[in-house]
Amino acid sequence: MVNQFDTLLTQLGTGKWNFLYFIMSGYQYFMVPQHSYNAALMTPQLKYDCLLPDNNNSFHIDQNQCSYNMNDSSVSQHISCSSWMYDNSTFSSTITSEFNLVCNDAISRAYFTSFYMAGNFIGMPLAGILGDKIGRKKVVMGSVLIFILCGNLIYLLPNFTAILAIRFIMGLSKVPVCYILAMEVCEPKWRSTVGIFLSLPWAFGVMMLGAFGYLLRDWRDLQMAISLPLILLIPLVWILDESPRWLIVTGRHDEALKVLRRAARLNNSSLPSETELSTMMKQIQNETVEEKEDSKSKKSSMKICLKSTSAICSKWSLNKIFLITFIDFFVVSTVFYGLSLNGSSYSDDPYIYLIL
């Protein structure tokens, strides 16, 4: 069956109206990775030396730089280091050095990324549900405002625990709804191409992080530099229309008509007559309602679910495709994140490393 909404998008064509969504989504994909991978420059593994008390003649530092022995009148006492001197040849200031995330607290360096990813893990499905309930644009605007606020708050915080809490909220608000919104207004014949090109800014964003880090060696300055430009997302999202598909599906046909008229005006294209357009919108809504009802009826029976699963598992060709895809995605993601987040461990110049 022909998708009526795709037919409508084809008639609208691709023009200024669509590019507004593409620019917004691309700019967000350019800015977000600078926060996803900034742990490589903000919580790096540093070289450090244990700072001894003033009278250091009777002290001996252990090789791990985390403790020292105090020898006094034939009495030897093992004491943990409480302060350190860091190698500032690469970074002038990092979260690692400011909050002494070394020795017993070294594992806390990983929390900087883990809390962000944990928020992302929860936020992704939550955003999808909210996007269907209250609309794509509201979710995008809400998540953008939260992300901007949190990003610009981190460099003001004096407490590492507070930074972790804000990082979790940032991860929670890093949602893909902007991409969904851009895809929903994209003309069918351009979807594959646009989908690929919208992902390219992610790579440039990581490269820009390396460039900013090279120029700004203090972690607070770097956090400010990658957070302030996020403010440009607010006007970009503000001028966008709600997804006309979502408006039609939820029965808000008058609002959808206004959006479609604006799209036709910006794209210099024409729309069907109002009567024909009204009929098309009802058909689009009915198509979605029928799909949902069909889905509900299927979900009500566990037998059908189990039958579908067993049917997939019984075909080796499908199993082979699934396993290869799963392993491929797992390995690529693990290696990519592992290499990207450990620049300071693999190279003396983490800035060039990130860019490459």
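Any Cβ shown, glycine's included, is placed from N, Cα and C.
What TrEMBL annotates here:
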- 1-356: domain 'Major facilitator superfamily (MFS) profile' (DOMAIN)
- 110-130: transmembrane segment (TRANSMEM)
- 139-157: transmembrane segment (TRANSMEM)
- 194-216: transmembrane segment (TRANSMEM)
- 321-339: transmembrane segment (TRANSMEM)
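Beyond the transmembrane segment (110-130), the same-chain residues lying 6 or more positions past its ends with a Cβ under 8 Å from any Cβ of the stretch are 35-36, 39, 42-43, 95, 138-139, 143, 163-165, 167-177, 341. For the transmembrane segment (139-157), the list of distant contacts is 28, 32, 35, 123, 127, 130-131, 163, 166-167, 169-170, 172-175, 177-178, 181, 219-221, 223-224, 226-228, 230-231, 233-234, 237-238, 240: same-chain residues at least six beyond its ends, Cβ to Cβ under 8 Å.
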